[in-house]
Amino acid sequence: MADNATHHYISSFFLVGIPGLQAFHHWIGIPVFFLFALALLGNSVIIITIKLEPSLHQPMYFFLCMLAVNDLALASSTAPKMLSIFWLDAHRFDFSICLSQMYFIHTFCIMESALLVAMAFDRYVAICIPLRYTTILT
């Protein structure tokens, strides 16, 4: 008996953007760009401030710095493609690029959840066991 399956290879996707609003994509890209730039600027300020200020070299601020780095990576994995669709009409999206973008988005979301759990544990130890805080977290 012969194999009765049909195998298709998806080489690329065609992303429309926001259906029905193609005429306004240039205008929609402006707030997306400003939010992306604000995310880059704000998280960079947090990272630089924690790196340069010696009094902020404590576990809570290291967690905050890691969260800012994670937010930088998460914003950088989605916003450039959105802006290229809105401004450059780059609607073709290769399957391999889509797969890698999905991987990075999900990985950074999982890392963000793990960091928030670690930050919650840090605060729990600081509040409930303050005398052993430095011993436990170092």
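Glycine too: its Cβ is placed from the backbone N, Cα and C atoms.
Taken from TrEMBL, the feature transmembrane segment applies to 24-48 (among others).
For 42-138, the entry in TrEMBL reads domain 'G-protein coupled receptors family 1 profile'.
For the transmembrane segment (60-83), same-chain residues at least 6 beyond its ends with a Cβ under 8 Å from one of its own Cβ atoms are 29, 32-33, 35-36, 39-40, 43-44, 46-47, 50-51, 93, 101, 104-105, 108-109, 111-112, 115-116, 118-119, 122-123, 126. Residues or ranges marked as transmembrane segment in TrEMBL: 60-83 (among others).
Long-range contacts of the transmembrane segment (103-121) within the same chain: residues 60, 63-64, 66-67, 70-71, 73-74, 77-78, each at least 6 residues beyond the stretch ends and with a Cβ under 8 Å from a Cβ of the stretch. Here TrEMBL flags 103-121 (among others) as transmembrane segment.
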Exercise. Give me the mean pLDDT over the domain 'G-protein coupled receptors family 1 profile' (42-138), rounded to a whole number.
Key: 89
